[in-house]
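A short worksheet on the structure shown next.
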Amino acid sequence: MAVEKTVPGGVRTVLVTGGAGYIGSHAVLQLLLAGFRAVVVDNLNNSSELAVRRVAALAGDHSRNLAFHKVDLRDKGALEKVFASTRFDAVVHFAGLKAVGESVQKPLLYYDNNVNGTVNLLEVMSAHGCKKLVFSSSAAVYGSPKNSPCTEEFPLTPNNPYGKTKLVVEDICRDIYRTDPEWKIILLRYFNPVGAHPSGYLGEDPCGIPNNLMPYVQQVAVGRRPALTILGNDYATRDGTGVRDYIHVVDLADGHIAALQKLFESSSIGCEAYNLGTGKGTSVLEIVKAFEKASGKKIPLIIGPRRPGDAEILFSLPAKAEKELNWKAKFGIDEMCRDQWNWASKNPYGYGSLDSTKQNGHHSYGSIGSPKQNGHCTNGFSESTRHNGHNGYGLVDSAKHNGNGHFH
């Protein structure tokens, strides 16, 4: 976990797009604990405002450095207002749609949201002189490589619209750096984020049917689904199931701290890509067994056919990030499953349903230490918050801005 410290050069203000999402919310918490000020923008399309409230509660006194605006990046006018109110030192860009299957069915939606939204963001950043960016890319840009470990030099051949949108944005970033060397950009290619904050109060809350393995496993464990369907058990792997590189979401969040520090400390970073993974492959069955051990629950299995296009084995070589960002994943599969189960057992139906009820003796939110559980604001948040897309909330009284948009 990130230690509390101030980044070189003093406290800096960072815009976090998609900061209410799974990875984004964990990154916002780590940013606050590392001494940054974080302003979250999110359209809440596939995320929950309750995640931001829980970040505030977990951040304690650091929550005074947190603000939220409900903004869709495709609404350039709303984004302009956010930049007009605050001077940002850098942007961490998570916002985007991320379901591979949905991207195949609705490619235009993905290009509009992921690409057009990013173009708006980059244009507004440039207009306001903010030219430091950490972009949430994906290992999906590699497609289905035949060999592993996967390095940053592997061919970029995404095989679905989601991965293609990530590559398009990467290409845009490389193009704008070539035309304007003042830009400093880091592209972080994640492998498979799993786990949850060790407190059990932040985690993945997928809307609808989960798109990834771990949330599906957790839903079976808490009784929301009868069984887990494994897509293929005839791969040339140690147990016949696909092998992937799973990374704890807190390790991933800390990778963003390391990337930001690199942007601030380096005079000539340019536009660089880094893999964020553990460098170790874990099979589907190994994940299931580790989760059963962590939860004490038996996961019923159904063996289904392979999914077209899935690689047998895909894991990272994170040596470049270890060397240049001074970052290395700390958590193993057992810790990932432990924290995932801690989250799932406290929040079996995600954020919404348990913020107003008690289950198994636990208050999913109130036990952190403060807030009301009736849908009103919580620790660090103003009772009279306006949700009009223009006001940070909880910070209007405790972190007013001066005329230049800085926090006091």
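The backbone N, Cα and C atoms fix where each Cβ goes, glycine too.
Per Swiss-Prot, the feature active site, proton acceptor maps to TYR162. Among the features that Swiss-Prot reports, NAD(+) binding site is placed at 13-44, with the record citing similarity to another entry. The feature substrate binding site is assigned by Swiss-Prot to SER138, with similarity to another entry given as support. Sequence annotations record features per position, and here Swiss-Prot assigns compositional bias 'Polar residues' to 370-383. The region 'Disordered' feature in Swiss-Prot is assigned to 369-408.
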So for VAL41 (NAD(+) binding site), how many other CB atoms are inside 10 Å of its CB?
25
Across every protein chain in view, the count of C-beta atoms other than its own within 10 A of the C-beta of LEU33 (NAD(+) binding site) is 20
If I take the Cα of TYR162 (active site, proton acceptor) as reference, which of the binding-site residues THR13, GLY21, LEU33, ARG37 has the closest Cα?
GLY21
Including all protein chains shown, what's the count of other C-beta atoms within 10 A of the C-beta of THR13 (NAD(+) binding site)?
20
In angstrom units, rounded to an integer, how far apart are the Cα atoms of LEU29 (NAD(+) binding site) and the residue listed as 'substrate binding site'?
21
Separation of alpha carbons, SER138 (substrate binding site) and VAL41 (NAD(+) binding site) (Å)
21
Taking the binding-site residues one at a time (THR17, SER25, SER138), which has its Cβ surrounded by the most other Cβ atoms within 10 Å?
SER25
The rounded CA-CA distance in Å from ARG37 (NAD(+) binding site) to the residue listed as 'substrate binding site' is 25
When a 10 Å sphere is centred on the Cβ of ARG37 (NAD(+) binding site), how many other Cβ atoms does it contain?
23
